[in-house]
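Colleague: My questions will all concern the structure given below.
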Amino acid sequence: MGASFIHTPTLFFLWFSMAAALVQGQGTRVGFYSRTCPLAESIVQKTVQSHFQSNPAIAPGLLRMHFHDCFVRGCDASILINGTSTEKTTVANSLINGYDVIDDAKTQLEAACPGVVSCADILALAARDSVVLTKGLMWKVPTGRRDGRVSLASDVNNLPSPRDSIEAQKQKFADKGLTDQDLVTLVGGHTIGTSACQFFRYRLYNFSTTTVNGADPSMDATFVTQLQALCPADGDGSRRIALDTGSSNTFDASFFTNLKNGRGVLESDQKLWTDASTKTFVQRFLGVRGLLGLNFNVEFGRSMVKMSNIGVNTGTEGEIRRVCTAIN
């Protein structure tokens, strides 16, 4: 009994170490492919860069794709699956740029390391690389996700919507374990984003009886005129408009300046400024005197890491798809 007591601390330490390692193995971690596919992150980065050079629109597309993937069934690459009623077929996802980038990266990774790198991880890495290519800050992406086997168009109804109230937006983010600050920060990704006219045109015509032109009174009048020229009432609803006018190709905090000036394109975006509970975070990103400042680029990386771990499959869950557009 005395001998057992002497060794108990050592045994406890070994048990604790093994338990800690097991828990880490069940989650994502930075450098997950360092031994099994050491060139994985480099291959994704170079693929994104190559496509970006010929089509810069893939940057906001890949960022949006990752966001839409994580908010539906978690970050499991279910958005990439082809089919008659999959997530990809919905209006919210069918207009996204960059699906071919993920397919290209997957083809190269399967040639280098067959059956090792998940489509979900490719998407998470590509989103980060897109931000860096548009002059945002680098952050380390935890990897180790596995791919899901289900993709349903009906699930996309749960995505945050351009017409959502602040309370609805806050609830949808809270349901995913994200804070009000994460909400404002991640929506700031619209600094390189675009939207189709069909998602905000209602704000420009017959929205209000209190304005001369019938537009949303929270919008700057000059900006309304500019948007009406780009999105006529009977024009092409799929035409894409920058969500950060004046700085749409640079990942910076100018998006928040636009909200302050009534130049938010989406109603849900503009509400971040008009609602007191989120306005404070916008002001902190803008460096308003008297408030503790926040560095948008730094906070964006932190919030992206949190978002990228929503409902992930790890360990033996899910699968590693051979092609990203179909389950094995």
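Quick reminder: no glycine exception, Cβ is built from N, Cα and C everywhere.
Worth saying up front: this structure is predicted, and the values here are computed from it rather than measured.
Here's the feature list from TrEMBL:
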{"type": "SIGNAL", "residues": "1-25", "note": "signal peptide"}
{"type": "DOMAIN", "residues": "27-328", "note": "domain 'Plant heme peroxidase family profile'"}
{"type": "DISULFID", "residues": "Cys37-Cys113", "note": "disulfide bond"}
{"type": "SITE", "residues": "Arg64", "note": "site 'Transition state stabilizer'"}
{"type": "ACT_SITE", "residues": "His68", "note": "active site, proton acceptor"}
{"type": "BINDING", "residues": "Asp69, Val72, Gly74, Asp76, Ser78, Glu87", "note": "Ca(2+) 1 binding site"}
{"type": "DISULFID", "residues": "Cys70-Cys75", "note": "disulfide bond"}
{"type": "DISULFID", "residues": "Cys119-Cys324", "note": "disulfide bond"}
{"type": "BINDING", "residues": "Pro160", "note": "substrate binding site"}
{"type": "BINDING", "residues": "His190", "note": "heme b binding site"}
{"type": "BINDING", "residues": "Thr191, Asp244, Asp252", "note": "Ca(2+) 2 binding site"}
{"type": "DISULFID", "residues": "Cys197-Cys231", "note": "disulfide bond"}
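Can you tell me where each of these features sits in the structure?
Modeller: Mean pLDDT for the domain 'Plant heme peroxidase family profile' (27-328) in this predicted model: 95.
Long-range Cβ neighbours of Cys113 (disulfide bond) (same chain, at least 6 residues apart, Cβ-Cβ under 8 Å): Tyr33, Thr36, Cys37, Leu39, Ala40.
The Cβ of Arg64 (site 'Transition state stabilizer') lies under 8 Å from the Cβ of Ile96, Gly189, Gly193, each of these being in the same chain and 6 or more residues away along the sequence.
Spatially close to His68 (active site, proton acceptor) yet at least six residues away along the chain are Ile79, Glu87, Ala92, Asn93, Ile96, Val156, Leu159, judged by Cβ distances under 8 angstroms.
The Cβ neighbour count for Ser78 (Ca(2+) 1 binding site), using a 10 Å radius and every protein chain shown, is 26.
Neighbours of Cys75 (disulfide bond), defined as other CB atoms within 10 A of its CB across all chains, total 29.
Remark: Cys119 (disulfide bond) has Ala77, Leu80, Ile102, Lys106, Asp147, Arg321, Cys324 as non-local neighbours, by Cβ distance under 8 Å and separation of at least 6 in sequence.
Sequence-distant neighbours of Pro160 (substrate binding site): residues of the same chain at least 6 apart with a C-beta under 8 Å from its C-beta are Phe71, Ala168, Gln169, Lys172, Phe173, Ser268.
If you take the C-beta of His190 (heme b binding site) and look for same-chain residues 6 or more apart in sequence within under 8 angstroms, you find Leu243, Asp244, Phe255, Leu266, Asp269.
With a 10 A radius on its CB, Asp244 (Ca(2+) 2 binding site) counts 29 other CB atoms from all the protein chains.
Proximity of Cys231 (disulfide bond) to non-local residues of its own chain (separation of 6 or more, Cβ distance below 8 Å) is seen for Cys197, Phe200, Arg201, Leu204, Arg239, Ile241, given in sequence order.
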Colleague: Applying the rule Cβ within 8 Å of the centroid of the Cβ atoms of Thr191, Asp244, Asp252, what extra residues of the same chain belong around the Ca(2+) 2 site?
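Modeller: Near the Ca(2+) 2 site, the remaining chain residues are Gly188, His190, Ile192, Ser247, Ser248, Thr250, Phe251, Ala253, Ser254, Phe255.
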Colleague: List which of the recorded positions Cys75, Thr191, Asp252 have their Cα within 10 Å of the Cα of Asp69 (Ca(2+) 1 binding site), in sequence order.
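Modeller: Among Cys75, Thr191, Asp252, the ones whose Cα sits within 10 Å of that of Asp69 (Ca(2+) 1 binding site) are Cys75.
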Colleague: Note the Cβ centroid of Asp69, Val72, Gly74, Asp76, Ser78, Glu87, the recorded Ca(2+) 1 site, then list each other residue of that chain whose Cβ lies within 8 Å of it, in sequence.
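Modeller: Same chain, not in Asp69, Val72, Gly74, Asp76, Ser78, Glu87, Cβ within 8 Å: His68, Cys70, Phe71, Arg73, Cys75, Ala77, Ile79, Gly148, Ser151, Asp155.
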Colleague: Under 8 Å between C-beta atoms and at least six apart in sequence, can you list the same-chain neighbours of Asp252 (Ca(2+) 2 binding site), or say none if there are none?
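Modeller: Listed in sequence order, they are Lys135, Gly136, Thr191, Phe296, Asn297.
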Colleague: Using Cβ-Cβ distances, find the residues under 8 Å from Asp76 (Ca(2+) 1 binding site) that belong to the same chain and are at least 6 apart in sequence, listing them in sequence order.
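Modeller: When sequence neighbours closer than 6 are ignored, Asp76 (Ca(2+) 1 binding site) has Asp69, Ala120, Arg145, Arg146, Asp147, Gly148, Gly311, Val312, Asn313, Gly318 within Cβ distance under 8 Å.
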Colleague: Return the count of C-beta atoms lying within 10 angstroms of the C-beta of Asp69 (Ca(2+) 1 binding site), excluding that atom itself.
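Modeller: Summing over all protein chains shown, Asp69 (Ca(2+) 1 binding site) has 27 other Cβ atoms within 10 Å.
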Colleague: Can you give me the same-chain residues 6 or more apart in sequence from Cys70 (disulfide bond) with a CB-CB distance under 8 Å?
Modeller: Lys176, Met307, Ser308, Ile310, Gly311
